[in-house]
Amino acid sequence: MAKAIAKALLEIEAVSLSPNDPFTWSSGIKSPIYCDNRVTLGYPEVRQHIRDGLCDLIETYFGDVEIVSGTATAGIPHAAYVSEKLALPMNYVRSKSKSHGKQNQIEGALSKGKKVVVIEDLISTGGSSITAVEALREAGADVIGVVAIFTYGLKKADEQFKQAQMPLYTLSNYNELIDVAKENGEISDNDIRSLVDWRDNLS
């Protein structure tokens with residue numbers, strides 16, 4: 001599964017590698033990799049594969065889930081696909097409360113007293129996922145885990161999830177992506193060293 005997802009993300013250019021001409025993230029970080037899983041929405045077969053994989057993770061590790069929750073905004077469509085297949089209620093969590101109306105941070109199914117799994121598209125530092133987890137907990141939810149499409153495998157993310165005592169499972173990861181890119185002849189051994197060094201030094 002991890003290899004197939006990595007291959008698909010590379011093929012549709014949801015993930016791009018550029019060791020010699022780094023991308024600039026919105027945070028200002030210079031990175032040899034850029035991941036935009038929103039691209040998957042334009043590829044029905046890929047998004048169905050992702051949906052089925054996320055469902056498998058949830059059924060394997062969080063079989064007693066009662067609500068699926070997506071992180072705004074990129075996690076929302078995948079949460080919708082998963083909740084539809086599993087026939088479960090869904091909500092989504094904003095990064096902060098609205099400034100108008102009822103000022104809700106969580107929209108959709110009520111979480112209080114319910115076992116909830118959070119769906120995220122991408123794990124970088126883990127900040128957005130943990131923000132969603134904390135908001136759901138404040139609303140009285142029993143958040144039992146997070147599942148995501150892809151992770152960079154940064155130590156900061158590992159530390160955040162550990163501190164929050166929150167299990168995390170992903171469909172694919174940085175190491176798998178590098179392996180697939182090498183098999184495809186897209187990167188050299190020097191590129192691999194550069195990619196690994198970036199991840200380890202950023203951590």
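The count begins at 1 with the first shown residue.
Note that Cβ sites are derived from N, Cα and C of the backbone, with glycine treated the same way.
Per Swiss-Prot, the feature 5-phospho-alpha-D-ribose 1-diphosphate binding site maps to Arg94, Lys98, His100, Glu120, Asp121, Leu122, Ile123, Ser124, Thr125, Gly126, Gly127, Ser128. Mapped onto three states, the DSSP output places Ile123 (5-phospho-alpha-D-ribose 1-diphosphate binding site) in strand.
Annotated orotate binding site per Swiss-Prot: Ser124, in sequence order.
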Of Ile123, Thr125, which of the binding-site residues has the most Cβ neighbours inside 10 Å?
Ile123
Residue among the binding-site residues Arg94, Asp121 whose Cβ has the most other Cβ atoms within 10 Å
Asp121
Let me know the most crowded of the binding-site residues, choosing from Ser124, Gly127 and counting other Cβ atoms within 10 Å.
Ser124
